[in-house]
Amino acid sequence: MAANAWEENMCINFTKITLEDVIANETDYLFVTDNDDGDGCLSQVGKHGGYQPLILGPGCESFGFAAHEVGHALGLYHTHSRHDRDDYIKLNPENIPKEVEDQFVKLTKKQNENYGLPYDYGSIMH
């Protein structure tokens, strides 16, 4: 469902593949799993080659969580990590739980070019 939304709004197609496809072609692929270890919702940012997990653990079943993690796999960072975020939002570090502090690191312009796009307060990547 979340992958469909990305396909409908971007020039990208997701194709379901089998383990045999991976073995035969040494394919780069996104492996969507519910990860019974309870690791929550996560994906690496961008393509890393070969096996790349996209984890949608317990509590991550909603469209919003899934679409957000697919966005990371496509190379998108959090909107609130933009190099110019301080022009748009006030970050209160004392309100950020220690275990997610890394989710709020501000990127440099070189790491995350915004191409002149305005800050999107309603972004799925916020």
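The backbone N, Cα and C atoms fix where each Cβ goes, and this holds for glycine too.
Annotated in TrEMBL:
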DOMAIN    1-126  domain 'Peptidase M12A'
BINDING   His68, His72, His78  Zn(2+) binding site
ACT_SITE  Glu69  active site
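Around the residue listed as 'active site', the same-chain residues six or more apart in sequence whose CB sits under 8 Å from its CB are Ala2, Cys41, Leu42, Ser43, Leu54, Ile55, Leu56, Cys60, listed in sequence order. Look at the domain 'Peptidase M12A' (1-126): DSSP puts its residues at 42 helix, 14 strand, 70 coil. Sequence-ordered, the extra residues of this chain that approach the Zn(2+) site, with Cβ no more than 8 Å from the Cβ center of His68, His72, His78, are Ser43, Val45, Glu69, Gly71, Leu76, Tyr77, Ile124, Met125. A sphere of 10 angstroms centred on the C-beta of His72 (Zn(2+) binding site) encloses 18 other C-beta atoms. Within 10 Å of the Cβ of His78 (Zn(2+) binding site) there are 19 other Cβ atoms, across all protein chains.
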